[in-house]
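What TrEMBL says about this protein:
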REGION    1-23  region 'Disordered'
TRANSMEM  37-58  transmembrane segment
TRANSMEM  92-114  transmembrane segment
TRANSMEM  148-168  transmembrane segment
TRANSMEM  180-201  transmembrane segment
TRANSMEM  237-255  transmembrane segment
TRANSMEM  262-282  transmembrane segment
TRANSMEM  302-320  transmembrane segment
TRANSMEM  332-351  transmembrane segment
TRANSMEM  415-440  transmembrane segment
Amino acid sequence: MAAHQEKKLAKERKHQNMQNDTKASQGQWGRAWEVDWFSLASILFLLIFAPLIVYYFIMSCAQYQCSLTDPLLDLLTGNKHLSDIWNRTPMLTYRAAGIYSLWVIFQVVLYVSIPDVCHKFLPGYVGGVQEGAVTPAGVVNKYEINGLQAWIITHVLWFANASCFHFFSPTILFDNWIPLLWCANILGYAVSTFAMIKGYFFPTNAKDCKFTGNFFYDYMMGIEFNPRIGKWFDFKLFFNGRPGIVAWTLINLSFAAKQQELYGEVTNSMILVNVLQGIYVLDFFWNEAWYLKTIDICHDHFGWYLGWGDCVWLPYLYTLQGLYLVYHPVQLCTAHAAVVLMVGLLGYYIFRMTNHQKDLFRRTNGNCRIWGKKPEYIECSYMSVDGTKYYSKLMTSGFWGWARHFNYTGDLMGSLAYCLACGFEHMLPYFYIIYMTILLTHRCIRDEHRCSSKYGKDWKHYTAAVPYRLLPGIF
């Protein structure tokens, strides 16, 4: 009798634990349900100051030769007023509006109207229709992976124009840089506002929506998990990869063309920035199918953070090194250039191989070899909103045994290389490594909070096996 009663109590405890695990998964897997005061204060700060930060950096280059302190000194000493700086800022023009509208429309057409063919003749490339990760509501979306194809078509046309057709100058982006900034802001705010309205009135999947009741948090972090129009136009995939990242290499090429026009040469520092950042962009599109498993797609909802961020923050602040080198051309000595190249390539190798190990482990369900032996892992389980139980394996060997986010370590090394290519005369080019360090550290913490809520006690076993986040033995 006592044994029967004990068995019954154990069963009830197990059932209660499962309900608690499910509740935790429903509450925290993906974006949070509730807003604490610190999150709200951070969001209000970003909504107010992020657009001003972008403007300040671009204005500093246009009016103060990329000095970040001179504008403040002018204002504090009374040499200039805000109105003086603003009156010297180029406004929105019909030309810029036309350029930007054609650009976005062209990328939409490439995204939704031309199925991928690259995967049919490029060995090792995964394109075409691919499945994403399971959402909190248990949905598995399908995506048309054709970013590499869009990038190739766009750049072939760019070089064809530069060498043969001459419909527009290769310096067109630099020449219209600030007017294009206003266009990017208009699109960023428009798509973010539309996404919020859509989440309220006609969501793609109501079960994958989250409402906190706080307007600013919902606007910033998004309501819908995967907002879509029709079968294939996915907001997150499009705006994460196109138009911003396709434009990244074109922007750098335009800066290089402007340097050639102004000084009669392209410096080795500009070449290094174009090459290293070009490798990163190409890697993104080559592994676009893998990107479906990253935090942006698997956890983030689509709001201002992604909508405006991908339209404005990414193309304008990720390209600061090239912009700086137009105003301050730097010809590096051979040793300096070699160090920059070595740090950049080593960072890329760590970034790519770490992600490759994880992808190989996932694709083979652990039936593979990492560094010559079978990988070690922790098996985890989690619940979706509909109560379905899923299982995951978290690798604890290879680079993933060194640190839980060692791919970010490689990413940071690459980011540092871009900055080092610009020399040490100004602070502006180094904003990128400072920002990326903050971003990726915050992303580590945010991702691990979600994983802890998602996996529960299994996550504790994993962090005990891999105790460091980014730097083995340090952090």
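Cβ coordinates are placed from backbone N, Cα and C, and glycine is handled just like the others.
The transmembrane segment (262-282) shares more Cβ pairs under 8 Å with 332-351 than with any other stretch in the list 148-168, 180-201, 237-255, 332-351, 415-440. With a cut-off of 8 Å on Cβ pairs spaced 6 or more residues apart, the transmembrane segment (148-168) and the transmembrane segment (332-351) reach fewer than 3 such pairs and are scored as not touching. Below 8 angstroms of C-beta separation, residues 103-104, 107-108, 110-111, 143, 147, 150-151, 154-155, 158, 170-174, 191, 270, 273-274, 277-278, 281, 284-285, 288, 291-292, 296-297, 302, 306-307, 310-311, 314-315, 318-319, 322-323, 325-326 of the same chain, each at least six residues beyond the ends of the transmembrane segment (237-255), sit close to that stretch.
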